[in-house]
Each structure stands twice: as C-alpha cells, then as structure tokens.
C-alpha cells in the first residue's frame, strides 16, 4: 500500500508539469520580472554607506528586502545555476531523476517490455532509486545546498544592509 501512495505522489508531481500549469507559472514569472529594479538603481554606489547601528541595519534590510525582492530572487537564481554548472554530477543526477520519472510516467502504468524481460512500474522506480541515491550521495548535495544558502545570504543581506533607504522614507518614519 505504501508503494501505491508513493506512486500517487509521483503522479501528482508530474501532473504539475502540464502545459496549463507551465503557462500560468511562466506568466507569473513574467509579472515578477516586471518588478525588477534597473541595474543603475540596484548598483547605485552613491547610496552605499556603513550603517550607524544595528537598528539602522534592521530598518535597511526590512526596506530593501521588499524594494529589491525581484533583484534578490534573480541573484539567488543565478547563484543556483552557477552551483549546478560547477557541480556537474549533481546536475546529472537531477536530470537523470527527472528524465526517469517522466519516462516511467509515459508508460501510463503499463509494463516496459525489453529483450531482457518485462518490468513493472514499481520495479522501474526501485531501479531508478537504487541508481540515483548512491550517485546523489557522491554529488554532495548537502554541501552544495549549504554553500548556496551561505552565498545567497551574504550577497542579499550584505547588499540590503549597506544600501541606504531613500530620504523620503526616513521622513515618513519620524513621528512629530
């Protein structure tokens, strides 16, 4: 029964890759990219300064995370791509698993007939797991993920804490 539950989860996962879902996600991505700030505004070196105290760091980070959220998402996306391109074994494992799941789902529950015999879908999934897990451990996904988290945090929080807020927001925060 546990295998049927796992198979149902995988089936629901692959249904998320339907053309309608892909189109709606693409439109959502386009609207998110429309809120990107210009490079001149994002890399404005005139607005970079050392914060006076930790309270100022907190207010800068809170403001800049909202204001530059699309830019920060793009930076994290670029760092993710860089991570996969520098760890080719991990990229291979990800492609292998996705291609294996898509290929098994194209069988639509039928057996795969080869000259070596016929294989049921649960046998194919088991074979995929038996191949992907050991190679996945060799690809060091945990250290790659930790590097990605660290590099993203340093990049995003470093920029957000050093970039000054616009002068208008300083006057809005003051109470008279």
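For all residues, glycine too, the Cβ spot is worked out from N, Cα and C.
For the residues 18, 28, 118, Swiss-Prot attaches the annotation phosphoserine to 18, which does not rule out the feature elsewhere. Same-chain neighbours of the transmembrane segment (129-149): 76, 79-80, 83, 87, 89-90, 92-93, 96-97, 100, counting only residues six or more beyond its ends whose CB sits under 8 Å from a CB of the stretch.
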